[in-house]
Amino acid sequence: MAMRGDPKQRRASASAPHGGAAHHVADKLRRHSTFLLLLLLLWFALSLYLFLSATPPPPRPAFLPSTSTPRPALRIYVYDLPARFNRHWVAADARCATHLFAAEVALHEALLAYAGRAARPDDATLFFVPVYVSCNFSTDNGFPSLSHARALLADAVDLVRAQMPYWNRSAGADHVFVASHDFGACFHPMEDVAIADGIPEFLKRSILLQTFGVQGTHVCQEADHVVIPPHVPPEVALELPEPEKAQRDIFAFFRGKMEVHPKNISGRFYSKKVRTELLQKYGRNRKFYLKRKRYGNYRSEMARSLFCLCPLGWAPWSPRLVESVLLGCIPVIIADDIRLPFPSVLQWLDISLQVAEKDVASLEMVLDHVVATNLTVIQKNLWDPVKRKALVFNRPMEEGDATWQVLRELEILLDRSQRRHVESWKR
């Protein structure tokens with residue numbers, strides 16, 4: 001007869017399966033809770049990322065200094081020349097640092113504080129030679145003389161060549177000079193004389209930063225060069241109301257030299273008679289505000305104008321180009337074949353009008369057509385703060401300003417030069 005088991009043992013063995021099931025359920029609940037917690041954390045992190053990605057950063061005022069200017073790859077060594085080549089000129093006449101040719105001073109000062117300035121010449125990509133040739137105000141008409149420019153630059157090059165090996169290493173090809181006057185490094189305000197003189201031989205392999213630029217070939221741009229804007233003090237953009245807020249009660253504005261009886265100077269006429277024709281055609285037209293006399297507060301007149309006329313003088317370029325953009329007045333450029341600074345940024349066709357010299361008689365009709373069709377579009381493009389900033393030389397340099405644009409153009413120029421060198425080597 002089989003023996004019956006102990007009742008306690010039977011209860012224990014009977015209850016064992018139920019206790020294991022409870023532990024199994026509890027373990028499943030813990031794993032499920034952990035999974036839910038991880039899922040919740042993942043959802044929160046993803047939501048936060050999407051929110052931050054979709055939130056635009058607050059806009060930064062256009063003319064405030066940037067605190068995050070990227071450090072450009074370009075390394076520039078600035079020669080420390082004796083003061084007679086630069087600083088003495090500013091000390092002798094304060095106009096040297098502020099007039100329309102003062103880009104040579106502004107660029108020098110900006111590069112001295114530039115984050116990419118090379119402390120050692122061996123680390124440099126380019127070499128900047130700071131010579132101020134536009135500061136000799138000894139002439140009767142108040143404009144600077146350029147008669148000393150070639151000799152002063154030649155002295156600077158001789159000094160650089162004698163004291164350091166870098167000029168001789170490249171024959172000056174990696175050296176940068178500023179030529180911020182009428183016909184660049186030809187150093188004469190009259191085009192026929194400038195062409196006859198040409199660029200000094202010792203500068204022809206160097207890089208020139210010049211206000212002069214025309215389409216096609218020209219003796220005065222027969223060297224690697226970057227077209228830069230004429231100097232206008234950055235404060236101009238801050239002195240008057242923001243362009244979009246200005247009351248514009250002048251239709252078309254010009255104040256400057258307009259000869260009633262143009263003089264024949266060696267077979268050439270000032271402005272190719274364009275300014276004379278403007279005066280003859282529109283001098284009595286009430287829509288045109290044309291004045292021949294100087295006026296210290298002329299920029300306030302520009303700020304009140306829809307269109308600012310920018311006819312050529314002896315040279316095609318004019319500080320009116322920059323002043324017009326800064327003051328929100330549409331530049332009307334009357335200078336055939338002119339090349340303008342920083343075209344990829346300024347997009348000149350979108351912010352200005354270009355009228356052929358031969359079409360001055362049709363100017364009123366052209367301006368009326370713009371008013372009737374796309375005036376607001378042009379003004380919107382023109383009033384972009386990026387455009388204004390690109391034309392002023394800040395000291396120190398700010399991201400996007402004229403010096404910053406010059407460095408960008410120099411990088412492009414170097415890249416193009418290196419590609420040419422590689423391609424010639426491959427041949």
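Just so it is clear, glycine is given a Cβ too, placed from its N, Cα and C backbone atoms.
Annotation source Swiss-Prot lists N-linked glycosylation site at N136, N168, N264, N374. The annotation topological domain 'Cytoplasmic' is assigned in Swiss-Prot to 1-33. Residues or ranges marked as topological domain 'Lumenal' by Swiss-Prot: 55-427. Residues or ranges marked as transmembrane segment by Swiss-Prot: 34-54.
Features as recorded by Swiss-Prot, highlighted on the structure.
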residue : record                      : Cβ within 10 Å
N136    : N-linked glycosylation site : 19
N168    : N-linked glycosylation site : 11
N264    : N-linked glycosylation site : 8
N374    : N-linked glycosylation site : 12
To the nearest whole angstrom, what is the C-alpha distance linking N264 (N-linked glycosylation site) and N136 (N-linked glycosylation site)? 27
Cα-Cα distance linking N136 (N-linked glycosylation site) and N168 (N-linked glycosylation site), given in Å to the nearest integer: 30
Give the mean pLDDT for the topological domain 'Cytoplasmic' (1-33) on the 0 to 100 scale. 46
Cα separation, N374 (N-linked glycosylation site) to N136 (N-linked glycosylation site) (Å, whole number): 45
Reading the DSSP string in three states, the entry for N168 (N-linked glycosylation site) is helix
Helix, strand or coil for N136 (N-linked glycosylation site)? Use DSSP. strand
